[in-house]
Amino acid sequence: MNRVLVVNSGSSSLKYAVVDADSGDTIADGIVERIGEEDGGVPDHAAALQAAFDELDDDMTGLVAVGHRVVHGGPDLYEPTLVDDAVVARIDELSPLAPLHNPPALLGIEVARRALPDLPHIAVFDTAFFHDLPPAAATYAIDRDLAAKWGIRRYGFHGTSHQYVSEQAAEFLGAPLDSLRQIVLHLGNGASASVIVGGRPVETSMGLTPMEGLVMGTRSGDLDPGIYAYLWRTAKMSVDDIESMLNRRSGMLGLGGHIDFRVVHRQIASGDAAAQLAYDVYIHRLRKYIGAYLAVLGTADVITFTAGVGENDAAVRRDALSGMTALGVELDEQLNADPRREARRISTDDSATTVLVIPTDEELAIARACVSLLTNRS
Ligand code: ADP
(Lines of atoms letter the chains of each structure in order from A and count residues from 1; the text may use other names and numbers.)
(Lines give C-alpha, C1' and ligand atoms only; values in the text may rest on other atoms or scores of the structure.)
Protein backbone atom coordinates (compact mmCIF):
# COMPACT_ATOMS: atom_id res chain seq x y z
CA MET A 1 0.00 0.00 0.00
CA ASN A 2 1.39 3.35 -1.00
CA ARG A 3 -0.40 6.05 0.94
CA VAL A 4 0.67 9.62 0.32
CA LEU A 5 -0.37 12.76 2.19
CA VAL A 6 -0.86 15.46 -0.44
CA VAL A 7 -0.66 19.06 0.76
CA ASN A 8 -1.72 22.08 -1.27
CA SER A 9 -0.88 25.10 0.82
CA GLY A 10 -2.26 28.50 -0.20
CA SER A 11 -2.06 31.85 1.51
CA SER A 12 -5.29 31.46 3.48
CA SER A 13 -6.17 27.80 3.05
CA LEU A 14 -4.52 24.42 3.27
CA LYS A 15 -5.99 21.54 1.28
CA TYR A 16 -4.95 18.03 2.19
CA ALA A 17 -5.69 14.49 1.10
CA VAL A 18 -4.47 11.03 1.94
CA VAL A 19 -4.43 9.08 -1.29
CA ASP A 20 -3.68 5.44 -1.98
CA ALA A 21 -1.52 5.79 -5.07
CA ASP A 22 -2.01 2.11 -6.01
CA SER A 23 -5.79 1.86 -5.93
CA GLY A 24 -6.37 5.54 -6.68
CA ASP A 25 -8.69 5.82 -3.68
CA THR A 26 -8.88 8.97 -1.61
CA ILE A 27 -8.74 7.73 1.97
CA ALA A 28 -9.60 11.13 3.44
CA ASP A 29 -9.40 14.75 2.41
CA GLY A 30 -10.30 18.18 3.62
CA ILE A 31 -9.49 21.85 3.71
CA VAL A 32 -8.52 24.18 6.53
CA GLU A 33 -9.63 27.67 5.61
CA ARG A 34 -9.23 31.18 6.96
CA ILE A 35 -5.61 30.81 8.02
CA GLY A 36 -4.45 33.95 9.75
CA GLU A 37 -7.94 35.37 10.20
CA GLU A 38 -8.81 36.64 13.64
CA ASP A 39 -12.41 35.48 13.72
CA GLY A 40 -12.66 31.71 14.02
CA GLY A 41 -9.71 31.02 11.77
CA VAL A 42 -6.48 29.25 12.68
CA PRO A 43 -3.51 31.50 13.46
CA ASP A 44 -0.94 30.14 11.00
CA HIS A 45 0.07 27.33 8.65
CA ALA A 46 1.49 25.21 11.48
CA ALA A 47 -1.87 25.32 13.25
CA ALA A 48 -3.65 24.59 9.98
CA LEU A 49 -1.53 21.48 9.44
CA GLN A 50 -2.16 20.37 13.02
CA ALA A 51 -5.91 20.80 12.41
CA ALA A 52 -5.55 18.62 9.30
CA PHE A 53 -3.68 15.96 11.32
CA ASP A 54 -6.38 16.00 14.02
CA GLU A 55 -9.01 15.50 11.35
CA LEU A 56 -7.06 12.73 9.59
CA ASP A 57 -6.17 10.92 12.82
CA ASP A 58 -5.84 7.17 11.99
CA ASP A 59 -5.72 7.88 8.27
CA MET A 60 -2.20 9.17 8.85
CA THR A 61 -0.86 5.68 9.52
CA GLY A 62 1.23 3.96 6.89
CA LEU A 63 2.19 7.06 4.90
CA VAL A 64 5.13 6.62 2.53
CA ALA A 65 5.56 10.27 1.55
CA VAL A 66 4.21 13.79 1.72
CA GLY A 67 3.57 15.35 -1.69
CA HIS A 68 3.50 19.13 -1.94
CA ARG A 69 1.90 21.02 -4.77
CA VAL A 70 4.17 23.92 -5.71
CA VAL A 71 2.90 26.35 -8.30
CA HIS A 72 6.11 27.65 -9.87
CA GLY A 73 9.21 25.57 -10.53
CA GLY A 74 10.90 28.22 -12.65
CA PRO A 75 13.29 27.18 -15.41
CA ASP A 76 14.95 24.21 -13.72
CA LEU A 77 12.59 22.54 -11.25
CA TYR A 78 10.24 20.38 -13.25
CA GLU A 79 10.72 16.80 -12.13
CA PRO A 80 9.05 15.72 -8.88
CA THR A 81 11.80 16.69 -6.44
CA LEU A 82 12.79 15.33 -3.07
CA VAL A 83 12.73 18.36 -0.77
CA ASP A 84 15.87 19.24 1.16
CA ASP A 85 17.15 22.59 2.41
CA ALA A 86 18.67 23.40 -1.00
CA VAL A 87 15.36 22.76 -2.78
CA VAL A 88 13.55 24.92 -0.22
CA ALA A 89 16.06 27.69 -0.91
CA ARG A 90 15.57 27.31 -4.67
CA ILE A 91 11.76 27.48 -4.41
CA ASP A 92 12.19 30.53 -2.22
CA GLU A 93 14.38 32.16 -4.87
CA LEU A 94 11.54 31.62 -7.37
CA SER A 95 9.09 33.58 -5.23
CA PRO A 96 9.34 36.74 -7.38
CA LEU A 97 7.93 34.67 -10.27
CA ALA A 98 4.97 33.54 -8.15
CA PRO A 99 4.66 35.96 -5.24
CA LEU A 100 1.11 34.92 -4.41
CA HIS A 101 1.68 31.17 -4.63
CA ASN A 102 5.20 29.99 -3.82
CA PRO A 103 5.62 31.64 -0.40
CA PRO A 104 2.49 29.94 1.06
CA ALA A 105 3.54 26.62 -0.52
CA LEU A 106 6.91 26.97 1.20
CA LEU A 107 5.22 27.64 4.52
CA GLY A 108 3.29 24.39 4.02
CA ILE A 109 6.48 22.50 3.19
CA GLU A 110 8.33 23.85 6.18
CA VAL A 111 5.64 23.09 8.76
CA ALA A 112 5.07 19.63 7.25
CA ARG A 113 8.78 18.82 7.27
CA ARG A 114 8.97 19.79 10.92
CA ALA A 115 5.85 17.82 11.82
CA LEU A 116 6.77 14.70 9.81
CA PRO A 117 10.58 14.70 9.74
CA ASP A 118 10.94 10.98 9.04
CA LEU A 119 8.95 10.96 5.79
CA PRO A 120 10.26 11.98 2.39
CA HIS A 121 8.72 15.29 1.28
CA ILE A 122 8.35 15.66 -2.46
CA ALA A 123 7.57 18.83 -4.39
CA VAL A 124 5.46 18.46 -7.53
CA PHE A 125 5.39 21.54 -9.71
CA ASP A 126 2.35 22.93 -11.49
CA THR A 127 4.63 24.16 -14.27
CA ALA A 128 6.35 20.79 -14.80
CA PHE A 129 4.33 19.32 -17.63
CA PHE A 130 4.74 22.44 -19.76
CA HIS A 131 8.51 22.60 -19.36
CA ASP A 132 8.85 21.20 -22.86
CA LEU A 133 6.50 23.59 -24.63
CA PRO A 134 7.91 24.19 -28.10
CA PRO A 135 9.93 27.45 -28.23
CA ALA A 136 7.38 29.11 -30.54
CA ALA A 137 4.70 28.64 -27.89
CA ALA A 138 6.91 29.35 -24.88
CA THR A 139 8.49 32.58 -26.13
CA TYR A 140 7.10 36.09 -25.63
CA ALA A 141 7.88 38.48 -28.45
CA ILE A 142 9.94 40.84 -26.30
CA ASP A 143 13.63 41.76 -26.16
CA ARG A 144 15.29 38.36 -26.05
CA ASP A 145 18.23 39.38 -23.83
CA LEU A 146 15.91 40.89 -21.25
CA ALA A 147 13.71 37.78 -21.34
CA ALA A 148 16.74 35.50 -20.92
CA LYS A 149 18.17 37.56 -18.07
CA TRP A 150 14.94 37.54 -16.08
CA GLY A 151 13.59 34.08 -16.96
CA ILE A 152 10.63 35.50 -18.83
CA ARG A 153 8.88 32.78 -20.82
CA ARG A 154 5.53 31.07 -20.90
CA TYR A 155 5.74 28.41 -18.19
CA GLY A 156 2.11 27.25 -18.07
CA PHE A 157 0.29 25.97 -14.96
CA HIS A 158 -2.25 23.30 -13.94
CA GLY A 159 0.23 20.96 -15.62
CA THR A 160 -0.54 18.09 -13.25
CA SER A 161 -4.19 18.30 -14.23
CA HIS A 162 -3.63 18.71 -17.99
CA GLN A 163 -1.32 15.71 -18.03
CA TYR A 164 -3.58 13.53 -15.88
CA VAL A 165 -6.72 14.38 -17.82
CA SER A 166 -5.09 13.83 -21.22
CA GLU A 167 -3.91 10.39 -20.06
CA GLN A 168 -7.38 9.58 -18.75
CA ALA A 169 -8.88 10.67 -22.07
CA ALA A 170 -6.66 8.21 -23.92
CA GLU A 171 -7.62 5.47 -21.49
CA PHE A 172 -11.32 6.28 -21.84
CA LEU A 173 -11.09 6.19 -25.63
CA GLY A 174 -8.99 3.04 -25.60
CA ALA A 175 -6.49 4.79 -27.86
CA PRO A 176 -2.73 5.10 -27.41
CA LEU A 177 -1.83 8.47 -25.88
CA ASP A 178 0.83 9.05 -28.52
CA SER A 179 -1.79 8.84 -31.29
CA LEU A 180 -4.05 11.59 -29.96
CA ARG A 181 -4.36 15.29 -30.77
CA GLN A 182 -6.06 16.79 -27.73
CA ILE A 183 -7.42 20.02 -26.33
CA VAL A 184 -7.90 20.08 -22.54
CA LEU A 185 -10.02 22.77 -20.92
CA HIS A 186 -9.36 22.97 -17.17
CA LEU A 187 -12.13 25.27 -15.95
CA GLY A 188 -12.08 25.69 -12.17
CA ASN A 189 -11.61 28.87 -10.15
CA GLY A 190 -8.34 29.08 -12.01
CA ALA A 191 -8.80 28.20 -15.68
CA SER A 192 -6.45 27.16 -18.44
CA ALA A 193 -6.50 25.44 -21.80
CA SER A 194 -3.88 23.29 -23.44
CA VAL A 195 -3.03 21.52 -26.66
CA ILE A 196 -1.44 18.10 -26.21
CA VAL A 197 -0.17 16.07 -29.13
CA GLY A 198 0.96 12.51 -28.54
CA GLY A 199 1.02 13.16 -24.80
CA ARG A 200 3.35 16.16 -25.13
CA PRO A 201 2.29 19.78 -24.50
CA VAL A 202 2.20 22.01 -27.56
CA GLU A 203 0.41 25.13 -26.32
CA THR A 204 -1.19 26.39 -23.11
CA SER A 205 -3.04 29.52 -22.09
CA MET A 206 -1.18 30.48 -18.91
CA GLY A 207 2.19 32.17 -19.15
CA LEU A 208 4.91 33.57 -16.91
CA THR A 209 2.30 33.62 -14.16
CA PRO A 210 -1.13 32.01 -13.80
CA MET A 211 -2.75 35.29 -14.89
CA GLU A 212 -2.63 34.89 -18.66
CA GLY A 213 -5.33 33.37 -20.80
CA LEU A 214 -8.91 32.54 -19.95
CA VAL A 215 -11.24 34.58 -17.76
CA MET A 216 -11.15 33.01 -14.26
CA GLY A 217 -13.00 33.26 -10.96
CA THR A 218 -10.99 36.25 -9.75
CA ARG A 219 -8.28 36.71 -12.43
CA SER A 220 -8.60 38.71 -15.60
CA GLY A 221 -6.75 36.44 -17.98
CA ASP A 222 -5.47 38.14 -21.15
CA LEU A 223 -5.09 41.91 -21.04
CA ASP A 224 -3.46 44.65 -23.02
CA PRO A 225 -0.20 45.07 -21.04
CA GLY A 226 -0.71 48.80 -21.56
CA ILE A 227 -3.35 48.63 -18.81
CA TYR A 228 -0.57 48.14 -16.25
CA ALA A 229 1.24 51.31 -17.23
CA TYR A 230 -1.98 53.26 -17.56
CA LEU A 231 -3.21 52.33 -14.06
CA TRP A 232 0.19 52.99 -12.57
CA ARG A 233 0.76 56.31 -14.25
CA THR A 234 -2.75 57.74 -14.39
CA ALA A 235 -4.77 56.08 -11.62
CA LYS A 236 -1.64 56.22 -9.41
CA MET A 237 -2.06 52.59 -8.38
CA SER A 238 1.04 50.81 -7.11
CA VAL A 239 2.32 47.73 -8.89
CA ASP A 240 1.23 45.64 -5.90
CA ASP A 241 -2.29 47.11 -6.05
CA ILE A 242 -2.58 46.44 -9.76
CA GLU A 243 -1.34 42.89 -9.36
CA SER A 244 -3.71 42.22 -6.51
CA MET A 245 -6.63 43.75 -8.43
CA LEU A 246 -5.88 41.57 -11.48
CA ASN A 247 -5.50 38.42 -9.38
CA ARG A 248 -8.12 38.80 -6.69
CA ARG A 249 -10.78 41.26 -7.84
CA SER A 250 -11.06 40.64 -11.58
CA GLY A 251 -12.52 37.88 -13.72
CA MET A 252 -16.05 36.73 -12.88
CA LEU A 253 -15.84 38.41 -9.47
CA GLY A 254 -14.74 41.76 -10.86
CA LEU A 255 -17.33 41.77 -13.63
CA GLY A 256 -20.38 40.27 -11.96
CA GLY A 257 -19.65 40.02 -8.24
CA HIS A 258 -19.64 36.20 -8.01
CA ILE A 259 -17.14 33.46 -8.76
CA ASP A 260 -19.44 30.47 -8.37
CA PHE A 261 -21.11 29.62 -11.68
CA ARG A 262 -24.17 28.22 -9.90
CA VAL A 263 -24.71 31.71 -8.49
CA VAL A 264 -23.87 33.35 -11.82
CA HIS A 265 -26.64 31.35 -13.53
CA ARG A 266 -29.14 32.30 -10.83
CA GLN A 267 -28.19 35.97 -11.17
CA ILE A 268 -28.62 35.80 -14.94
CA ALA A 269 -32.03 34.14 -14.55
CA SER A 270 -33.11 36.99 -12.28
CA GLY A 271 -32.15 39.55 -14.94
CA ASP A 272 -28.74 40.67 -13.59
CA ALA A 273 -27.05 42.43 -16.52
CA ALA A 274 -23.59 42.43 -14.91
CA ALA A 275 -23.73 38.67 -14.37
CA GLN A 276 -24.83 38.22 -17.98
CA LEU A 277 -21.92 40.30 -19.26
CA ALA A 278 -19.47 38.41 -17.04
CA TYR A 279 -20.75 35.13 -18.45
CA ASP A 280 -20.63 36.42 -22.01
CA VAL A 281 -17.04 37.65 -21.63
CA TYR A 282 -16.06 34.30 -20.10
CA ILE A 283 -17.62 32.31 -22.95
CA HIS A 284 -16.29 34.64 -25.64
CA ARG A 285 -12.72 34.25 -24.40
CA LEU A 286 -13.09 30.50 -24.08
CA ARG A 287 -14.38 30.22 -27.65
CA LYS A 288 -11.50 32.34 -28.95
CA TYR A 289 -9.05 29.92 -27.35
CA ILE A 290 -10.85 26.83 -28.63
CA GLY A 291 -10.85 28.29 -32.14
CA ALA A 292 -7.18 29.18 -31.91
CA TYR A 293 -6.29 25.75 -30.59
CA LEU A 294 -8.23 24.02 -33.35
CA ALA A 295 -6.16 26.09 -35.77
CA VAL A 296 -2.93 25.14 -33.96
CA LEU A 297 -3.90 21.49 -34.36
CA GLY A 298 -5.58 21.45 -37.75
CA THR A 299 -7.81 18.69 -36.49
CA ALA A 300 -8.51 17.67 -32.92
CA ASP A 301 -9.34 14.09 -31.95
CA VAL A 302 -10.65 15.04 -28.56
CA ILE A 303 -11.65 18.06 -26.49
CA THR A 304 -11.96 17.39 -22.76
CA PHE A 305 -13.62 19.53 -20.10
CA THR A 306 -12.42 19.21 -16.52
CA ALA A 307 -12.35 20.92 -13.07
CA GLY A 308 -15.28 22.44 -11.13
CA VAL A 309 -16.91 24.40 -13.96
CA GLY A 310 -15.86 22.08 -16.78
CA GLU A 311 -17.13 18.95 -15.01
CA ASN A 312 -20.40 20.38 -13.74
CA ASP A 313 -21.65 23.24 -15.89
CA ALA A 314 -23.49 21.91 -18.94
CA ALA A 315 -24.43 25.44 -20.07
CA VAL A 316 -20.79 26.54 -20.21
CA ARG A 317 -19.88 23.45 -22.24
CA ARG A 318 -22.81 23.99 -24.61
CA ASP A 319 -22.08 27.69 -25.12
CA ALA A 320 -18.34 27.09 -25.51
CA LEU A 321 -18.85 24.70 -28.43
CA SER A 322 -22.12 25.78 -30.09
CA GLY A 323 -22.04 26.42 -33.82
CA MET A 324 -18.76 24.55 -34.36
CA THR A 325 -20.18 21.72 -36.47
CA ALA A 326 -18.27 23.00 -39.49
CA LEU A 327 -15.10 22.74 -37.38
CA GLY A 328 -15.93 19.11 -36.65
CA VAL A 329 -17.28 19.61 -33.13
CA GLU A 330 -20.87 18.70 -32.26
CA LEU A 331 -22.29 18.22 -28.77
CA ASP A 332 -25.10 15.83 -27.98
CA GLU A 333 -27.46 17.90 -25.84
CA GLN A 334 -28.75 14.99 -23.85
CA LEU A 335 -25.34 13.53 -23.11
CA ASN A 336 -24.08 17.00 -22.21
CA ALA A 337 -26.94 17.50 -19.73
CA ASP A 338 -26.19 14.18 -17.96
CA PRO A 339 -24.91 15.15 -14.49
CA ARG A 340 -22.99 11.92 -13.75
CA ARG A 341 -19.64 12.60 -12.07
CA GLU A 342 -17.50 10.25 -14.11
CA ALA A 343 -15.58 10.23 -17.37
CA ARG A 344 -18.06 10.39 -20.23
CA ARG A 345 -18.53 11.34 -23.88
CA ILE A 346 -20.82 14.29 -24.63
CA SER A 347 -20.41 14.62 -28.41
CA THR A 348 -22.64 13.09 -31.07
CA ASP A 349 -21.61 9.94 -32.92
CA ASP A 350 -21.09 12.08 -36.04
CA SER A 351 -18.81 14.62 -34.39
CA ALA A 352 -15.32 14.31 -35.94
CA THR A 353 -13.88 15.54 -32.63
CA THR A 354 -14.90 13.54 -29.58
CA VAL A 355 -15.85 15.75 -26.64
CA LEU A 356 -15.38 14.33 -23.14
CA VAL A 357 -15.96 15.32 -19.54
CA ILE A 358 -13.30 13.85 -17.27
CA PRO A 359 -13.01 14.59 -13.56
CA THR A 360 -9.50 15.77 -12.74
CA ASP A 361 -7.66 14.37 -9.73
CA GLU A 362 -4.56 16.43 -9.05
CA GLU A 363 -4.07 14.82 -5.63
CA LEU A 364 -3.91 11.33 -7.12
CA ALA A 365 -1.56 12.53 -9.86
CA ILE A 366 0.72 14.10 -7.24
CA ALA A 367 0.58 10.95 -5.08
CA ARG A 368 1.55 8.81 -8.07
CA ALA A 369 4.38 11.16 -8.99
CA CYS A 370 5.71 10.78 -5.43
CA VAL A 371 5.52 6.99 -5.46
CA SER A 372 7.19 6.78 -8.84
CA LEU A 373 10.05 9.01 -7.62
CA LEU A 374 10.52 6.78 -4.54
CA THR A 375 10.36 3.60 -6.62
CA ASN A 376 12.92 4.83 -9.11
CA ARG A 377 15.27 5.83 -6.29
CA SER A 378 15.25 2.47 -4.56
P1 ADP B 1 -10.13 25.31 -7.83
O2 ADP B 1 -9.50 26.03 -8.97
O3 ADP B 1 -10.26 26.13 -6.60
O4 ADP B 1 -9.58 23.90 -7.62
P5 ADP B 1 -12.51 23.91 -8.73
O6 ADP B 1 -11.96 23.17 -9.87
O7 ADP B 1 -12.95 23.15 -7.53
O8 ADP B 1 -11.62 25.13 -8.31
O9 ADP B 1 -13.78 24.74 -9.28
C10 ADP B 1 -14.57 25.51 -8.41
C11 ADP B 1 -15.64 26.19 -9.22
O12 ADP B 1 -16.43 25.20 -9.90
C13 ADP B 1 -16.67 26.96 -8.39
O14 ADP B 1 -16.25 28.27 -8.13
C15 ADP B 1 -17.89 26.96 -9.29
O16 ADP B 1 -17.86 28.10 -10.13
C17 ADP B 1 -17.72 25.73 -10.14
N18 ADP B 1 -18.71 24.70 -9.83
C19 ADP B 1 -18.65 23.76 -8.88
N20 ADP B 1 -19.77 23.00 -8.90
C21 ADP B 1 -20.55 23.48 -9.89
C22 ADP B 1 -21.85 23.13 -10.41
N23 ADP B 1 -22.55 22.12 -9.93
N24 ADP B 1 -22.30 23.88 -11.44
C25 ADP B 1 -21.60 24.88 -11.96
N26 ADP B 1 -20.38 25.26 -11.51
C27 ADP B 1 -19.87 24.57 -10.49
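A Cβ is built for glycine as well, from the same backbone N, Cα and C atoms used for every other residue.
For reference, TrEMBL has these:
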type: BINDING; residues: Asn8, Glu362; note: Mg(2+) binding site
type: BINDING; residues: Lys15, His186, Leu187, Gly188, Asn189, Gly190, Asp260, Phe261, Arg262, Gly308, Val309, Gly310, Glu311, Asn312; note: ATP binding site
type: BINDING; residues: Arg69; note: substrate binding site
type: ACT_SITE; residues: Asp126; note: active site, proton donor/acceptor
type: SITE; residues: His158; note: site 'Transition state stabilizer'
type: SITE; residues: Arg219; note: site 'Transition state stabilizer'
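Reported as a whole number, the C-alpha separation between Glu311 (ATP binding site) and the residue listed as 'substrate binding site' equals 22 Å.
With every protein chain in view, the residue among the recorded positions Arg69, His158, Arg219, Arg262 whose Cβ has the most Cβ partners within 10 Å turns out to be His158. Listed binding-site residues: Asn8, Asp260, Arg262, Val309. Those with a CB atom under 6 Å from ligand 1: Asp260, Arg262, Val309. Cβ neighbour density within 10 Å is lowest for Asp260 among the recorded positions Asp126, Asp260, Glu311, Glu362. Taking the C-alpha atom of Lys15 (ATP binding site) as reference, the shortest distance to any of the recorded positions Asn8, Arg69, Asp126, His158 belongs to Asn8. If you take the C-beta of Asn8 (Mg(2+) binding site) and look for same-chain residues 6 or more apart in sequence within under 8 angstroms, you find Leu14, Lys15, Tyr16, His68, Arg69, Gly108, Glu362, Glu363. The CA atom of Asp126 (active site, proton donor/acceptor) is located 5 Å away from the CA atom of His158 (site 'Transition state stabilizer'). Distance from the CA of Arg219 (site 'Transition state stabilizer') to the CA of Asn189 (ATP binding site) is 9 Å. Here Arg219 (site 'Transition state stabilizer') is positioned 18 angstrom away from Arg262 (ATP binding site), judged by their C-alpha atoms. Fewest other C-beta atoms within 10 Å: among the binding-site residues Lys15, Leu187, Asn189, Val309, that description fits Asn189. Reported as a whole number, the C-alpha separation between Val309 (ATP binding site) and Arg219 (site 'Transition state stabilizer') equals 15 Å.
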